[in-house]
Amino acid sequence: MNKNSEQAVLRILDASANRVGEGLRTVEEWARFALDGEALSAELKAIRHQVSTALAVLPRTSLLAARDTLGDVGTKISQDTERVRDSASGVVAAGISRTGQSLRVIEEYLKTINADAAATIEQARYRFYTASANLELLIAAQDRQSRMQDARLYALIDAGTNEAEFQATVTTLCESGVDVLQLRDSSSDDRTLIARARIGTEIARKCSVLFIMNDRADLALAADCDGVHVGQEELPGPVARKIVGHDRIVGISTHSIDQAIQAVADGADYIGCGPVFPSRTKSFDEFAGLEYVREVSAQIQIPSFAIGGINESNLDQVIKSGCCRIALTAALRDCEDVTATATRFKKKLMSANLK
Ligand SMILES: Cc1ncc(COP(=O)(O)OP(=O)(O)O)c(N)n1
Ligand SMILES: Cc1ncsc1CCOP(=O)(O)O
Ligand SMILES: [Mg+2]
């Protein structure tokens with residue numbers, strides 16, 4: 001390599017080494033301070049050390065001698081996307097991207113100087129891909145939990161008579177203030193369910209609405225839904241959790257305070273509480289009623305959704321029982337104007353002075 005090329009390689013390595021350090025730090029700080037991810041921050045730190053050890057084969061003096069920040073034409077080129085980050089997770093995503101790219105750049109140019117050091121960087125790059133994937137999953141999981149915590153209005157829908165109708169239903173509900181959607185349909189075949197679950201999840205995700213699959217943890221996972229809802233006669237909570245993992249949500253139906261306490265012990269992220277009133281969607285011989293809603297509101301800390309026959313005429317009774325989260329089918333399915341109805345429900349639930 002001639003002298004000019006050598007200098008250029010050192011300059012690239014110097015700039016990329018700085019970039020990778022900054023990128024790794026940006027990502028590591030989030031894992032450490034925002035997510036309290038002990039193992040993950042330790043792994044990112046170890047990667048940082050692995051990279052600096054590999055780069056120690058380059059004499060620091062020659063890297064510094066090659067540095068020419070003022071003469072770097074790249075410092076004047078800045079994209080609009082670099083100036084603005086719309087959220088902290090945008091910062092983390094940019095850090096992940098910058099780190100991966102810089103590791104690749106270092107690996108390639110280092111091959112011209114020291115093949116062993118380049119191979120170590122390659123290992124660090126693969127290690128980083130795994131760590132950053134775990135980080136993104138952890139971020140997604142926390143995001144789901146906090147959205148479930150904030151959720152007030154939960155709508156249960158069936159698969160519809162065709163895909164277009166289902167899409168339209170999901171879109172309307174997502175745009176009307178619904179926070180969580182559940183695909184609950186016992187008459188469609190698995191192929192239909194999985195196709196609907198995929199479409200529903202995709203639409204809901206764009207609107208920051210959670211999409212939950214009823215009964216079927218396998219389909220929830222396969223369709224990348226946000227979670228699964230299971231009843232007392234279906235998969236036990238811990239089994240549903242084993243299938244969907246800790247990144248997704250598990251909801252459990254409960255009909256008594258003992259079941260609610262057990263659901264919390266089983267790791268439920270939220271519970272359904274009911275049936276509160278007679279329902280047009282499902283028939284019952286017994287009702288947990290408002291008394292149960294009161295018990296849950298007083299004793300259970302995880303998000304609890306009252307369900308069963310809730311409509312605009314009895315909503316006040318649910319709220320007076322201490323509950324500001326409801327799950328509905330008929331009240332949104334059979335109304336004349338879904339957007340107006342959902343908006344009224346949401347407004348009332350939001351203005352109830354309850355957590
Ligand atoms: C939010 C929510 N709560 C309760 C239920 C009822 O579940 P389950 O008792 O398993 O009855 P089916 O819905 O499976 O008929 C629910 N689906 N969602
Ligand atoms: C699935 C289910 N579980 C308890 S009540 C109920 C039906 C909810 O629908 P609706 O709001 O129409 O009563
Ligand atoms: Mg069920």
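Glycine is no exception: its Cβ is also placed from the backbone N, Cα and C atoms.
Some features that TrEMBL has for this protein:
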- 11-132: domain 'ThiD2' (DOMAIN)
- 153-331: domain 'Thiamine phosphate synthase/TenI' (DOMAIN)
- Asn214, Ser253, Lys282: 4-amino-2-methyl-5-(diphosphooxymethyl)pyrimidine binding site (BINDING)
- Asp215, Glu234: Mg(2+) binding site (BINDING)
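Annotated features, which come from TrEMBL, shown on the structure.
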{"residue": "Asn214", "record": "4-amino-2-methyl-5-(diphosphooxymethyl)pyrimidine binding site", "DSSP (3 states)": "strand"}
{"residue": "Glu234", "record": "Mg(2+) binding site", "DSSP (3 states)": "coil"}
{"residue": "Ser253", "record": "4-amino-2-methyl-5-(diphosphooxymethyl)pyrimidine binding site", "DSSP (3 states)": "strand"}
{"residue": "Lys282", "record": "4-amino-2-methyl-5-(diphosphooxymethyl)pyrimidine binding site", "DSSP (3 states)": "coil"}
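The two recorded residues Asn214 (4-amino-2-methyl-5-(diphosphooxymethyl)pyrimidine binding site) and Glu234 (Mg(2+) binding site) have their Cα atoms spaced 10 Å from each other.
When the binding-site residues Asp215, Glu234, Lys282 are checked against ligand 3, Asp215, Glu234 have a Cβ within less than 6 Å of one of its atoms. Lys282 are the binding-site residues among Asn214, Asp215, Glu234, Lys282 whose C-beta comes within less than 6 Å of an atom of ligand 2, given in sequence order.
Here 4-amino-2-methyl-5-(diphosphooxymethyl)pyrimidine is bound by Asn214, Ser253, Lys282 per the record. The longest Cα to Cα distance in that group is 14 Å.
In the shown protein chains, 22 other C-beta atoms lie within 10 A of the C-beta of Ser253 (4-amino-2-methyl-5-(diphosphooxymethyl)pyrimidine binding site). Each residue in Leu156, Arg184, Asp215, His229, Gly231, Gly272, Ile307 lies on the same chain as Asn214, Ser253, Lys282 and has a C-beta within 8 Å of the C-beta centroid of that 4-amino-2-methyl-5-(diphosphooxymethyl)pyrimidine site, without being one of the site residues. Across the structure, Asp215 (Mg(2+) binding site) and Lys282 (4-amino-2-methyl-5-(diphosphooxymethyl)pyrimidine binding site) are spaced 15 Å apart at their Cα atoms.
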